[in-house]
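Features as listed in TrEMBL:
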BINDING   SER31, HIS62, ARG82, PHE83, HIS84, ALA114, SER213  phosphate binding site
BINDING   GLU194, ASN236  purine D-ribonucleoside binding site
DOMAIN    24-271  domain 'Nucleoside phosphorylase'
Amino acid sequence: MTLVEKLHESSAYILSLIGEEKVDIAIVLGSGLGDLADSLDEAVAIPYKDIPHFPVSTVPGHKGRLVCGRLEGRRVLCMQGRFHYYEGWSMQEVVYPVQTFHVMGIDKLFLTNAAGCVNTAWGQGNLMLITDHIKLMGDSPLRGQNPDELGPRFFDMSSTWDKDAQAVARAAADKVGVTLREGTYMLFGGPQFETPAEVRLARILGADAVGMSTVPEAIAASHMGLRTLGISCLTNMAAGILDQKLNHEEVLETGERVKGAFTALVREIVRTWM
């Protein structure tokens, strides 16, 4: 079975459960941020394990299901938990859900994540609008055959992060009174946190945050022409900035602490992103 055939099979299964009405926005909820999906109206939840050809997330803080429903009057499809390269999935498997969304007819993608803060002028608990990214890992989610249905073999990445969507996010932050930093996100493979030397390198290269996700999905979305918005919850200071060890529990705890501000911002963005 080809990739495109698998995508159509996955898409058909999801649509058979949620109905054919257009989904306005697909939202990927990162570590510790998954509770938003529990507040959807008219919600339909689908475990990943039930969807043909879908991977299954294994990370604490990721429930591992799709939830479709209404948020601020808009129809959204939320991923409660994403797939990471460090779990053993290939890059192609990591982006499989985003490719499925495209086949379903969804044209707006909202990516969120928990990230380490590299910018020493900021602190943990901030939210950061992703305006660009850095990926020095050799692997690409688009390596291998290129199905024409998904996009061109070679394509420009300069508009990966949608400028109009960024304007919507800025206005939404002003409306709900949330401070929204802006910066560049740098991808590392994980699962180990970055070393202090790697964090220094990231800062020299212009990164404001580091993390283990999001960029593969953004590449696949750009390939398919989806309008993509990204927001990082800066859950910890990256290695070497503070004299303390990093741990995943801190990521989840900070995500819980900023949940109110994050939820208010996401709701306003969903309401106004047309």
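The backbone N, Cα and C atoms fix where each Cβ goes, and this holds for glycine too.
Structure coloured by features recorded in TrEMBL.
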residue: SER31; record: phosphate binding site; Cβ neighbours (10 Å): 26
residue: ARG82; record: phosphate binding site; Cβ neighbours (10 Å): 27
residue: PHE83; record: phosphate binding site; Cβ neighbours (10 Å): 29
residue: HIS84; record: phosphate binding site; Cβ neighbours (10 Å): 23
residue: ALA114; record: phosphate binding site; Cβ neighbours (10 Å): 25
residue: GLU194; record: purine D-ribonucleoside binding site; Cβ neighbours (10 Å): 22
residue: SER213; record: phosphate binding site; Cβ neighbours (10 Å): 27
residue: ASN236; record: purine D-ribonucleoside binding site; Cβ neighbours (10 Å): 22
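For ASN236 (purine D-ribonucleoside binding site), the nearest of the binding-site residues by C-alpha distance turns out to be SER31; the candidates were SER31, ARG82, PHE83, HIS84, SER213. It is 17 Å from the Cα atom of SER31 (phosphate binding site) to that of GLU194 (purine D-ribonucleoside binding site). SER213 (phosphate binding site) sits 13 Å from GLU194 (purine D-ribonucleoside binding site), taking the Cα positions as reference.
If you measure from the Cα atom of ALA114 (phosphate binding site) to that of GLU194 (purine D-ribonucleoside binding site), you get 14 Å.
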